[in-house]
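Asker: The feature transmembrane segment is assigned by TrEMBL to 12-37, 127-145, 157-178, 190-210, 230-255.
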Amino acid sequence: MGTFIGHVYPGLFLFLYGLYQAVVISKAIIFSDSLLYPSSPPRNKGRCARLWKISYGGLLKMATGSLLTVYEVSCIKGGLILMNRELPPRFMYPKEWQHLTMFILLTLNGCVDFMSKNVLPQRCVGLEKGTLVLIIYQLLLLMVSHAKDSEGVELHVHSLLILVVFLLLLVLTAQLWAPNMCHLQLMETFLILMMGSWLMQAGFILYRPVSGYPWQDDDISDIMFVTTFFCWHVMIDASFLLGIYGFSSFWYHCYSPSLKLTRPKEAPYYASTPGPLYKLLQEVEQSEKEDQALLLAKCST
(Lines of atoms letter the chains of each structure in order from A; the text may use other names.)
(Lines give C-alpha, C1' and ligand atoms only; values in the text may rest on other atoms or scores of the structure.)
Protein backbone atom coordinates (compact mmCIF):
# COMPACT_ATOMS: atom_id res chain seq x y z
CA MET A 1 0.00 0.00 0.00
CA GLY A 2 2.73 2.44 0.96
CA THR A 3 4.73 1.81 -2.21
CA PHE A 4 1.59 2.25 -4.33
CA ILE A 5 0.89 5.64 -2.76
CA GLY A 6 4.60 6.49 -3.04
CA HIS A 7 4.24 6.23 -6.82
CA VAL A 8 0.73 7.59 -7.39
CA TYR A 9 0.75 10.68 -5.16
CA PRO A 10 4.08 12.11 -6.43
CA GLY A 11 2.92 11.30 -9.97
CA LEU A 12 -0.35 13.13 -9.40
CA PHE A 13 1.50 16.15 -8.03
CA LEU A 14 3.90 16.24 -11.00
CA PHE A 15 1.02 15.90 -13.46
CA LEU A 16 -0.98 18.73 -11.87
CA TYR A 17 2.14 20.90 -11.67
CA GLY A 18 2.79 20.21 -15.35
CA LEU A 19 -0.76 21.30 -16.20
CA TYR A 20 -0.21 24.50 -14.21
CA GLN A 21 3.02 25.14 -16.11
CA ALA A 22 1.22 24.52 -19.40
CA VAL A 23 -1.38 27.18 -18.54
CA VAL A 24 1.36 29.68 -17.63
CA ILE A 25 3.26 29.03 -20.87
CA SER A 26 0.07 29.28 -22.96
CA LYS A 27 -0.66 32.64 -21.39
CA ALA A 28 2.89 33.81 -22.08
CA ILE A 29 2.72 32.73 -25.73
CA ILE A 30 -0.71 34.26 -26.38
CA PHE A 31 0.10 37.59 -24.72
CA SER A 32 3.75 37.66 -25.88
CA ASP A 33 4.65 37.81 -22.21
CA SER A 34 7.85 36.98 -20.34
CA LEU A 35 8.15 33.43 -19.01
CA LEU A 36 10.35 34.52 -16.10
CA TYR A 37 8.49 37.67 -15.09
CA PRO A 38 4.82 37.12 -15.98
CA SER A 39 2.63 40.19 -16.12
CA SER A 40 -0.28 40.80 -13.81
CA PRO A 41 -3.71 42.15 -14.73
CA PRO A 42 -3.80 45.98 -14.69
CA ARG A 43 -6.55 46.11 -12.06
CA ASN A 44 -4.53 44.19 -9.48
CA LYS A 45 -3.41 46.62 -6.80
CA GLY A 46 -2.40 46.38 -3.17
CA ARG A 47 -3.21 43.05 -1.58
CA CYS A 48 -4.33 41.50 -4.89
CA ALA A 49 -1.02 42.41 -6.50
CA ARG A 50 0.88 40.77 -3.63
CA LEU A 51 -1.26 37.63 -3.89
CA TRP A 52 -0.55 37.47 -7.63
CA LYS A 53 3.22 37.44 -7.01
CA ILE A 54 3.17 34.62 -4.43
CA SER A 55 5.08 31.53 -5.56
CA TYR A 56 2.20 29.07 -5.46
CA GLY A 57 4.33 26.46 -7.23
CA GLY A 58 6.94 26.69 -4.47
CA LEU A 59 4.30 26.43 -1.75
CA LEU A 60 2.77 23.40 -3.47
CA LYS A 61 6.18 21.70 -3.68
CA MET A 62 6.86 22.34 0.01
CA ALA A 63 3.44 21.08 1.11
CA THR A 64 3.54 17.97 -1.09
CA GLY A 65 7.12 17.09 -0.19
CA SER A 66 6.48 17.53 3.54
CA LEU A 67 3.31 15.40 3.49
CA LEU A 68 4.99 12.63 1.52
CA THR A 69 8.00 12.72 3.87
CA VAL A 70 5.77 12.32 6.92
CA TYR A 71 3.81 9.55 5.23
CA GLU A 72 6.95 7.64 4.20
CA VAL A 73 8.30 7.74 7.76
CA SER A 74 4.98 6.71 9.32
CA CYS A 75 4.52 3.72 6.99
CA ILE A 76 7.42 1.76 8.50
CA LYS A 77 6.46 -0.18 11.61
CA GLY A 78 8.96 0.47 14.35
CA GLY A 79 10.35 3.56 12.64
CA LEU A 80 12.59 4.14 9.67
CA ILE A 81 15.90 3.02 11.12
CA LEU A 82 19.16 3.33 9.21
CA MET A 83 21.04 0.22 10.44
CA ASN A 84 20.19 -2.86 12.45
CA ARG A 85 21.92 -3.97 15.65
CA GLU A 86 23.32 -7.20 14.28
CA LEU A 87 26.99 -7.90 13.74
CA PRO A 88 28.06 -6.88 11.22
CA PRO A 89 25.44 -4.13 11.01
CA ARG A 90 23.49 -3.79 7.76
CA PHE A 91 21.59 -0.92 6.22
CA MET A 92 17.82 -1.18 6.49
CA TYR A 93 15.03 -0.09 4.13
CA PRO A 94 17.21 1.13 1.22
CA LYS A 95 14.28 1.89 -1.13
CA GLU A 96 12.35 3.73 1.57
CA TRP A 97 15.38 5.88 2.34
CA GLN A 98 15.67 6.71 -1.35
CA HIS A 99 11.99 7.68 -1.47
CA LEU A 100 12.51 9.85 1.60
CA THR A 101 15.50 11.56 -0.03
CA MET A 102 13.45 12.32 -3.15
CA PHE A 103 10.64 13.86 -1.11
CA ILE A 104 13.11 15.98 0.90
CA LEU A 105 14.64 17.22 -2.38
CA LEU A 106 11.17 18.24 -3.58
CA THR A 107 10.60 20.18 -0.36
CA LEU A 108 13.97 21.95 -0.64
CA ASN A 109 13.22 22.89 -4.25
CA GLY A 110 9.96 24.48 -3.13
CA CYS A 111 11.78 26.42 -0.39
CA VAL A 112 14.29 27.80 -2.91
CA ASP A 113 11.52 28.85 -5.32
CA PHE A 114 9.56 30.59 -2.57
CA MET A 115 12.60 32.39 -1.15
CA SER A 116 13.74 33.57 -4.57
CA LYS A 117 10.33 34.96 -5.56
CA ASN A 118 8.96 36.20 -2.24
CA VAL A 119 11.78 36.61 0.30
CA LEU A 120 14.86 37.90 -1.50
CA PRO A 121 14.83 41.61 -2.50
CA GLN A 122 15.26 40.63 -6.16
CA ARG A 123 14.34 37.37 -7.82
CA CYS A 124 17.35 35.18 -8.62
CA VAL A 125 16.40 33.01 -11.59
CA GLY A 126 19.89 31.52 -11.77
CA LEU A 127 19.50 30.19 -8.23
CA GLU A 128 16.14 28.60 -9.06
CA LYS A 129 17.34 26.96 -12.28
CA GLY A 130 20.66 25.84 -10.81
CA THR A 131 18.99 24.28 -7.77
CA LEU A 132 16.46 22.48 -9.95
CA VAL A 133 19.20 21.07 -12.20
CA LEU A 134 21.15 19.84 -9.16
CA ILE A 135 18.04 18.20 -7.69
CA ILE A 136 17.11 16.46 -10.95
CA TYR A 137 20.70 15.25 -11.26
CA GLN A 138 20.48 13.68 -7.79
CA LEU A 139 17.07 12.25 -8.66
CA LEU A 140 18.57 10.57 -11.74
CA LEU A 141 21.34 9.00 -9.65
CA LEU A 142 18.84 7.74 -7.09
CA MET A 143 16.59 6.24 -9.75
CA VAL A 144 19.46 4.46 -11.51
CA SER A 145 20.46 2.74 -8.25
CA HIS A 146 16.78 2.23 -7.39
CA ALA A 147 16.27 0.15 -10.55
CA LYS A 148 19.22 -2.18 -9.91
CA ASP A 149 17.18 -4.25 -7.47
CA SER A 150 14.41 -4.85 -10.01
CA GLU A 151 13.89 -7.12 -13.00
CA GLY A 152 11.39 -7.92 -15.70
CA VAL A 153 8.39 -5.60 -15.88
CA GLU A 154 9.52 -3.47 -12.94
CA LEU A 155 12.94 -2.91 -14.52
CA HIS A 156 11.37 -1.91 -17.84
CA VAL A 157 8.97 0.52 -16.14
CA HIS A 158 11.78 2.19 -14.23
CA SER A 159 14.04 2.30 -17.31
CA LEU A 160 11.42 4.31 -19.22
CA LEU A 161 11.04 6.64 -16.25
CA ILE A 162 14.83 7.09 -16.10
CA LEU A 163 14.76 8.02 -19.80
CA VAL A 164 12.26 10.82 -19.12
CA VAL A 165 14.28 12.12 -16.16
CA PHE A 166 17.47 12.12 -18.25
CA LEU A 167 15.80 14.12 -21.05
CA LEU A 168 14.42 16.54 -18.45
CA LEU A 169 17.92 17.00 -17.04
CA LEU A 170 19.25 17.90 -20.51
CA VAL A 171 16.47 20.45 -21.06
CA LEU A 172 16.95 22.05 -17.65
CA THR A 173 20.70 22.25 -18.20
CA ALA A 174 20.12 24.06 -21.50
CA GLN A 175 17.81 26.50 -19.68
CA LEU A 176 20.74 27.69 -17.57
CA TRP A 177 21.94 29.56 -20.68
CA ALA A 178 18.51 30.30 -22.21
CA PRO A 179 16.01 30.58 -19.32
CA ASN A 180 13.39 32.55 -21.27
CA MET A 181 13.27 30.35 -24.39
CA CYS A 182 9.72 29.19 -25.04
CA HIS A 183 10.68 25.94 -26.80
CA LEU A 184 12.70 24.73 -23.81
CA GLN A 185 9.87 25.63 -21.44
CA LEU A 186 7.43 23.62 -23.53
CA MET A 187 9.77 20.63 -23.53
CA GLU A 188 10.21 20.91 -19.74
CA THR A 189 6.45 21.03 -19.20
CA PHE A 190 5.87 18.05 -21.47
CA LEU A 191 8.53 15.96 -19.70
CA ILE A 192 7.09 16.88 -16.28
CA LEU A 193 3.68 15.71 -17.49
CA MET A 194 5.30 12.50 -18.71
CA MET A 195 6.99 11.92 -15.34
CA GLY A 196 3.74 12.45 -13.49
CA SER A 197 1.49 10.32 -15.69
CA TRP A 198 4.04 7.50 -15.99
CA LEU A 199 4.65 7.44 -12.21
CA MET A 200 0.92 6.97 -11.68
CA GLN A 201 0.84 4.27 -14.34
CA ALA A 202 3.83 2.56 -12.70
CA GLY A 203 1.97 2.41 -9.39
CA PHE A 204 -0.95 0.60 -11.02
CA ILE A 205 1.25 -1.71 -13.11
CA LEU A 206 3.45 -2.82 -10.20
CA TYR A 207 1.09 -2.76 -7.21
CA ARG A 208 -2.54 -2.43 -8.37
CA PRO A 209 -2.99 -4.17 -11.74
CA VAL A 210 -6.36 -3.38 -13.30
CA SER A 211 -6.92 -7.06 -14.13
CA GLY A 212 -6.30 -8.05 -10.53
CA TYR A 213 -3.44 -10.36 -11.55
CA PRO A 214 0.25 -9.36 -11.36
CA TRP A 215 2.21 -8.78 -14.53
CA GLN A 216 4.50 -11.65 -15.54
CA ASP A 217 8.22 -10.91 -15.78
CA ASP A 218 8.87 -13.85 -18.11
CA ASP A 219 6.06 -12.94 -20.54
CA ILE A 220 7.35 -10.94 -23.50
CA SER A 221 3.81 -9.68 -24.19
CA ASP A 222 3.73 -7.87 -20.84
CA ILE A 223 7.11 -6.24 -21.56
CA MET A 224 5.91 -5.11 -24.98
CA PHE A 225 2.70 -3.66 -23.62
CA VAL A 226 4.63 -1.62 -21.06
CA THR A 227 6.33 0.15 -23.97
CA THR A 228 2.97 0.50 -25.75
CA PHE A 229 1.43 2.14 -22.67
CA PHE A 230 4.40 4.51 -22.49
CA CYS A 231 3.83 5.58 -26.10
CA TRP A 232 0.17 6.15 -25.32
CA HIS A 233 1.19 8.41 -22.45
CA VAL A 234 3.39 10.41 -24.83
CA MET A 235 0.43 11.00 -27.16
CA ILE A 236 -2.02 11.78 -24.35
CA ASP A 237 0.30 14.27 -22.61
CA ALA A 238 1.06 15.99 -25.93
CA SER A 239 -2.70 16.23 -26.50
CA PHE A 240 -3.10 17.84 -23.07
CA LEU A 241 -0.52 20.50 -24.00
CA LEU A 242 -2.17 21.17 -27.35
CA GLY A 243 -5.63 21.26 -25.79
CA ILE A 244 -4.63 23.73 -23.07
CA TYR A 245 -3.01 26.05 -25.59
CA GLY A 246 -5.98 25.77 -27.98
CA PHE A 247 -8.54 26.44 -25.23
CA SER A 248 -6.54 29.40 -23.88
CA SER A 249 -6.20 30.89 -27.36
CA PHE A 250 -9.90 30.36 -28.10
CA TRP A 251 -10.93 31.93 -24.78
CA TYR A 252 -8.71 34.96 -25.33
CA HIS A 253 -9.80 35.65 -28.90
CA CYS A 254 -13.51 35.04 -28.27
CA TYR A 255 -14.16 36.35 -24.77
CA SER A 256 -11.29 38.72 -23.94
CA PRO A 257 -10.33 40.54 -27.15
CA SER A 258 -9.59 43.79 -25.35
CA LEU A 259 -7.66 42.34 -22.44
CA LYS A 260 -4.22 43.87 -22.03
CA LEU A 261 -1.58 43.03 -19.53
CA THR A 262 0.86 45.36 -17.90
CA ARG A 263 4.55 44.65 -18.27
CA PRO A 264 6.47 43.82 -15.10
CA LYS A 265 8.86 46.27 -13.58
CA GLU A 266 11.56 43.69 -12.89
CA ALA A 267 14.64 43.80 -14.99
CA PRO A 268 15.18 41.00 -17.52
CA TYR A 269 17.35 38.09 -16.56
CA TYR A 270 20.33 39.15 -18.65
CA ALA A 271 19.78 42.89 -18.52
CA SER A 272 22.68 45.06 -17.30
CA THR A 273 23.34 48.77 -17.20
CA PRO A 274 26.19 50.12 -19.33
CA GLY A 275 29.21 50.87 -17.18
CA PRO A 276 32.11 53.28 -17.73
CA LEU A 277 34.16 50.66 -19.60
CA TYR A 278 31.33 50.14 -22.07
CA LYS A 279 31.02 53.90 -22.64
CA LEU A 280 34.79 54.19 -23.12
CA LEU A 281 34.72 51.43 -25.74
CA GLN A 282 31.93 53.26 -27.56
CA GLU A 283 33.97 56.49 -27.60
CA VAL A 284 37.05 54.67 -28.92
CA GLU A 285 35.00 52.98 -31.61
CA GLN A 286 33.47 56.32 -32.65
CA SER A 287 36.89 57.97 -32.87
CA GLU A 288 38.21 55.13 -35.00
CA LYS A 289 35.32 55.54 -37.39
CA GLU A 290 36.03 59.28 -37.69
CA ASP A 291 39.73 58.60 -38.39
CA GLN A 292 38.82 56.11 -41.08
CA ALA A 293 36.47 58.61 -42.67
CA LEU A 294 39.27 61.26 -42.75
CA LEU A 295 41.70 58.81 -44.33
CA LEU A 296 39.17 57.88 -46.99
CA ALA A 297 38.55 61.57 -47.74
CA LYS A 298 42.29 62.23 -48.11
CA CYS A 299 42.78 59.22 -50.38
CA SER A 300 39.90 60.33 -52.62
CA THR A 301 41.43 63.80 -53.03
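The backbone N, Cα and C atoms fix where each Cβ goes, glycine too.
Remember, TrEMBL labels are computer predictions, not curated facts.
Locate each feature and note its surroundings.
Answerer: Residues 98, 101-102, 105-106, 108-109, 112-113, 116, 158, 161-162, 165-166, 168-169, 172-173, 175-176, 179 of the same chain, all 6+ positions outside the transmembrane segment (127-145), place their C-beta atoms under 8 angstroms from a C-beta of that stretch.
Distant neighbours of the transmembrane segment (157-178): 126, 129-130, 132-133, 136-137, 139-140, 143-144, 146-147, 150, 184-185, 187-188, 191-192, 194-195, 198-199, 202, 205-206, 226-227, 230; these residues of the same chain sit at least 6 beyond its ends, with a Cβ under 8 Å from one of its Cβ atoms.
Listed by sequence, the residues of this chain that lie at least six past the ends of the transmembrane segment (230-255) yet keep a Cβ under 8 A from its Cβ atoms are 18-19, 22-23, 25-27, 29-31, 160, 186, 189-190, 193-194, 197-198, 201.
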